[in-house]
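J.: Annotations per TrEMBL:
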type: TRANSMEM; residues: 26-49; note: transmembrane segment
type: DOMAIN; residues: 41-289; note: domain 'G-protein coupled receptors family 1 profile'
type: TRANSMEM; residues: 61-83; note: transmembrane segment
type: TRANSMEM; residues: 103-121; note: transmembrane segment
type: TRANSMEM; residues: 141-163; note: transmembrane segment
type: TRANSMEM; residues: 204-227; note: transmembrane segment
type: TRANSMEM; residues: 239-261; note: transmembrane segment
type: TRANSMEM; residues: 273-291; note: transmembrane segment
Amino acid sequence: MERVNSTLLTEFILTGIPYPLRLRTFLFMFFLLTYILTQLGNLLILVVVSVDPQLHARPMYIFLGVLSIIDMGISTIIVPRLMMNFTLGIKPIPFGCCVAQLYFYHFLGSTQCFLYTLMAYDRYLAICQPLRYPVLMNGRLCTILVAGAWVAGSIHGAIQAILTFRLPYCGPNQVDYFFCDIPAVLRLACADTTVNEQVTFVDIGVVVATCFFLILLSYVQITQAILRIRTTDGRRRAFSTCGAHVTVVTIYYVPCAFIYLRPETNSPLDGAAALFPTAITPFLNPLIYTLRNQDVKLALKRMIGAPGMKSNV
């Protein structure tokens, strides 16, 4: 596509998501409240896991604490900028900030994919290999796995950011999206984006498909093991613990697959789908893991000093 203006861009304008003007104030307050509750909810999870001696020594809750950090980061990267769409005036985003937003979103997003896989593996070991679990999933291995997820996520984010912004951008500068993401930004490039689109599809596809397959494989084994549990209460507790993880994985992976793993269509539904991994999932994770997890609820009661809930440790 030919560009009239050959000057390289120094800023972009994010068009945001379409909405009726009469809902401007409501949507601003809605996302502001969502952002505040996301930060407070995930911070509460992080504090509970950190201070409760019955939780912070267990790998499952170490992973949950790391997930809270990631959710707080993704929400901070995306939601405040989304809220600016519901204020008056045009507020461009500098080129460098657009690069940083794309990098950190894919860095944290891919780290979250890897973490969900580790959480599924942890549940597999705990339920299918209960006697060997303390040896197979010890503190040292847990630390190594988490560090590996962060490193792999940072590499993935760097690859996507470098490939996207190595291309020239010379106008127009209007990104038809509510944040700087690969498909929306590539449409503004003054060069052929075929290679970028193929690499993005393969790279993200490998990450998403591999993680999802490993999670699915883990839960097939977990389900078979749970069905062999003789007591109803034991099966209920096992399904409750795993159900929270299955729920968040579903509401995270389905929108991501819809956005990145299909032919370019520039559908209005892309923006709606992107709200799930960027705003809704980080908000729901603390609710899901506190309301559906008995250990976290008991730890909350111990932390606030509920009668009869003192720790035995």
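Placed from the backbone N, Cα and C atoms, the Cβ positions cover glycine too.
Looking at the shown structure, what environment does each listed feature sit in?
T.: Panel annotation: around the transmembrane segment (26-49), residues 19, 55-56, 61-62, 64-65, 68-69, 71-72, 75-76, 79-80, 82-83, 86-87, 279-280, 282-283, 285-287, 289-290, 296, 299-300, 303 of the same chain, lying at least six beyond its termini, place a Cβ under 8 Å from a Cβ of the stretch.
Averaged across the domain 'G-protein coupled receptors family 1 profile' (41-289), pLDDT in this predicted model comes to 87.
Under 8 Å from some Cβ of the transmembrane segment (239-261) lie the Cβ atoms of residues 109, 112-113, 116, 119-120, 123, 127, 181-183, 200-201, 204-205, 208, 212, 215, 219, 222, 226, 269-270, 273-274, 276-277, 280-281, 284-285, 288-289, 292-294, all in the same chain and six or more residues away from its ends.
Long-range contacts of the transmembrane segment (273-291) within the same chain: residues 17, 31, 34-35, 37-38, 41-42, 44-45, 64, 67-68, 71-72, 74-75, 78-79, 82, 105, 109, 177-179, 181, 244, 247-248, 251-252, 254-256, 258-259, 297, 300, each at least 6 residues beyond the stretch ends and with a Cβ under 8 Å from a Cβ of the stretch.
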J.: Quick check: do the transmembrane segment (204-227) and the transmembrane segment (103-121) share at least 3 Cβ pairs under 8 Å, counting only pairs 6+ apart in sequence?
T.: yes
J.: May I ask for the residues of the chain that lie six or more residues beyond the transmembrane segment (141-163) and have a Cβ under 8 Å from a Cβ within it?
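T.: For the transmembrane segment (141-163), the list is 59, 62-63, 66, 99, 102-112, 114-115, 118, 182, 196, 199-200, 203-204, 207.
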J.: Using a Cβ-Cβ cut-off of under 8 Å, list the residues of the same chain that are 6+ residues beyond the ends of the transmembrane segment (61-83) and lie near it.
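T.: Distal contacts: 14, 16-17, 28, 31-32, 34-35, 38-39, 42-43, 45-46, 49-50, 55, 93, 101, 104-105, 108-109, 111-112, 115, 118-119, 122, 142, 146, 149, 178-179, 277-279, 281-283, 285-286, 289, 295-296.
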